[in-house]
Amino acid sequence: MAKQQNNRRKSATMRAVKRMINTHLEHKRFALINSGNTNATAGTVQNLSNGIIQGDDINQRSGDQVRIVSHKLHVRGTAITVSQTFRFIWFRDNMNRGTTPTVLEVLNTANFMSQYNPITLQQKRFTILKDVTLNCSLTGESIKDRIINLPGQLVNYNGATAVAASNGPGAIFMLQIGDSLVGLWDSSYEAVYTDA
């Protein structure tokens, strides 16, 4: 009986210490703005998390791992000469080893209406965080945007700099694809994180 009480006291003390440490963690911020991009009918993949490089600044990391507390993606599509569709897929690469995924690793075909690639979906390589379609019309709303807020997760890195080779498991990406080349799209990504 005394041993059980002692174990409970130790557990309660450990939880209290952990809570105290977590309340004093330094929250850092990273922002990435990407504007004036032409709609890509074959798709393009943008790396969102590898800009968090090693260093001592408020937008850098200490080691090879960060814990994202929350992150936000803001996307906007603008129809120029014809009505068009923009598709934005925000995803996490669970098995990344220093590369930027290709469009065909995420989608079955390079088409804005395509389903996800069944092989990588079956292997659970990617976690789709959000899949958003913006239909912009010249006779209606020619500019549309969407803001997506999500809780975070762990991101690992294989290096210190902002290159594809530094990507590790948990890296965050956005795929953009559309039905016409004449539209423009913008995105901004913000992550609030702590060193893990």
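Glycine too: its Cβ is placed from the backbone N, Cα and C atoms.
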For the annotation region 'RNA-binding' in Swiss-Prot, which listed range does it cover: 1-19, 39-57? 1-19
Express the distance between the Cα positions of D56 (Ca(2+) 3 binding site) and Q65 (Ca(2+) 1 binding site) as a whole number of Å. 14
By the count of other Cβ atoms within 10 Å, pick out the sparsest of the binding-site residues S62, Q65, T139. T139
Return the count of C-beta atoms lying within 10 angstroms of the C-beta of E26 (Ca(2+) 3 binding site), excluding that atom itself. 9
Coarse DSSP state, helix versus strand versus coil, of Q65 (Ca(2+) 1 binding site): strand
